[in-house]
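Enquirer: There's a structure below that I have some questions on.
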Number of protein chains: 2
Amino acid sequence: MKLFTGLSAFSITPTDASGRVDTAALARLLERISAARADSIGLLGSTGGYAFLSRHERQRAVESAMACVGGKIPVIVGVGALRTDEAQAHARDARKAGANGLLLAPMSYTPLTDEEVFQHILAVAEAGELPLCIYNNPSTTRFTFTDDLIVRLASAPNIVAVKMPLPTHGNVKAEITRLRRRTPDGFAIGYSGDWGAADALLAGCDAWYSVIAGLLPSEAVALTRAAQAGDAREVERLDQAFQPLWSLFKEFGSFRVMYAIADALGLCRAAPPRPILPLPPTDMPRVKDALDRILI
Amino acid sequence: MKLFTGLSAFSITPTDASGRVDTAALARLLERISAARADSIGLLGSTGGYAFLSRHERQRAVESAMACVGGKIPVIVGVGALRTDEAQAHARDARKAGANGLLLAPMSYTPLTDEEVFQHILAVAEAGELPLCIYNNPSTTRFTFTDDLIVRLASAPNIVAVKMPLPTHGNVKAEITRLRRRTPDGFAIGYSGDWGAADALLAGCDAWYSVIAGLLPSEAVALTRAAQAGDAREVERLDQAFQPLWSLFKEFGSFRVMYAIADALGLCRAAPPRPILPLPPTDMPRVKDALDRILI
């Protein structure tokens, strides 16, 4: 199986209030993902709160991840930063720690131009010397990739995949077809946005970059395998069970809900990094009800 | 004159390619602002690239600023960060270095809720123990303040001003009237967006948070004083001279254009932090032409 295909499970990164990574708690989460036979781990993605962690803590997270699941499951590491040189440093750190692939979102403060994002990603891919997935996530970076920019990047060294958001208009199948036609053979096109994963998988995308798989890996693996087998009815059945949780993701943002799920499942008691606030306790019963619908 | 009134001139922060602040070049820029008798300096604002600088470099910038212009002109320091504890640390650093006021934008990666921004700003204002201006800048933070949130913050300790973007609909005078009616006496309402400054000043706003004043302080002071004297014709005449420059700001973003202006004026040769790219050399003649129209 290629690196950027199948189910990529994105873990939260448990930390204390000062942003120090709880490596023991992280290891427990990653071992569950590995045991459930997801196809890869997405470490330090948006769900992993990479934007809120220092270089040192990101390094600690990658090193402890590789120590516990390295060799058992490929680990893809988010290396985004506001500065190009910092993103390059994160990419080098990840490679030295043994990461298998990189994920790069064009984080921004000053809104970026297409040319700036092109040169930024090229520079990080070159420094990282690992297969890199373009992380197209307008809701956090506020940068929207055009097809042209993805196509331009797809022919550069080390850039082998893209993680797309769900299309806001048009259907996902048409988008995949359009991008496949213009990108090199083997360039992997995957999707995030858990509530659209069933559609995207059935439409033939290469990968599901899944938030929920970070905490419910077995259930997300089941949905992925059903889709890969072309069993649309089973996919539909499993996706239906996820619906109450997808509603919570849309209402509160998946980042906040994931901490509540980890708590509800007794996996760890970490809180999201301030200024992000945890879910109000009054909404916890909804989280528990949603989980009851899903758990295998 | 109160701290958050009149002309606040925002300086770029010259650095080398690695993000180390050139304190000598910064001092030259700040002394020009002070000599032109602007009402305050905005240090480490968006124009100052605070989002791209380490805590240590931000500290060096504030310390060198206070050493060169402290006591001559009030210095307002931008203390935004993605983490609440980091923004608090920047605020404490600024106070220890002798800053006169703080400016805080709700930088975000994961989109923030109103309650998160409220608690974030409150926590930083408390830690900073200095007069603080809410920095409402949706184009960089992608957070849009409601009137309700500004009003709620305006009654909290240390929060004494807001820096508004130009209204996207409705007129600036109506907005000022609306906010004045709901905020405490003395709460200062100022505007950024240089091309709308003439209107905002004539409409009676308390402050112009000016990008161009960082490099053309005398010309921006002239416009401000004409507006404060109610001389609409002189304001119009001066604003007309700025038009070609406002066009460049809109086309390329003021952040990129400011480095080109500093270069054209021979003030410093710094480049913006990568991934931000400098203006293409082919556009430099337009910058020089625009400057020729303005320079007193």
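In case you wondered, yes, glycine gets a Cβ from its N, Cα and C as well.
Features from TrEMBL:
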- A:THR47: pyruvate binding site (BINDING)
- A:TYR135: active site, proton donor/acceptor (ACT_SITE)
- A:LYS163: active site, schiff-base intermediate with substrate (ACT_SITE)
Enquirer: Based on DSSP, name the secondary structure state of the residue listed as 'active site, proton donor/acceptor': helix, strand or coil.
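Expert: DSSP call for the residue listed as 'active site, proton donor/acceptor': strand.
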Enquirer: Enter the number of other CB atoms within 10 angstroms of the CB of A:LYS163 (active site, schiff-base intermediate with substrate).
Expert: 25
Enquirer: Tell me, how many other CB atoms lie within 10 A of the CB of the residue listed as 'active site, proton donor/acceptor', whichever protein chain they belong to?
Expert: 29
Enquirer: Whole-number Å only: compute the distance from the Cα of A:THR47 (pyruvate binding site) to the Cα of A:TYR135 (active site, proton donor/acceptor).
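Expert: Counting only the Cα atoms, the answer is 13 Å.
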Enquirer: Within 10 angstroms of the C-beta of A:THR47 (pyruvate binding site), what count of other C-beta atoms is obtained when all protein chains are considered?
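Expert: I get 26 for this one.
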Enquirer: Measuring Cα to Cα, how far is the residue listed as 'active site, schiff-base intermediate with substrate' from A:TYR135 (active site, proton donor/acceptor) in Å?
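Expert: A:TYR135 (active site, proton donor/acceptor) has its Cα 5 Å from the Cα of the residue listed as 'active site, schiff-base intermediate with substrate'.
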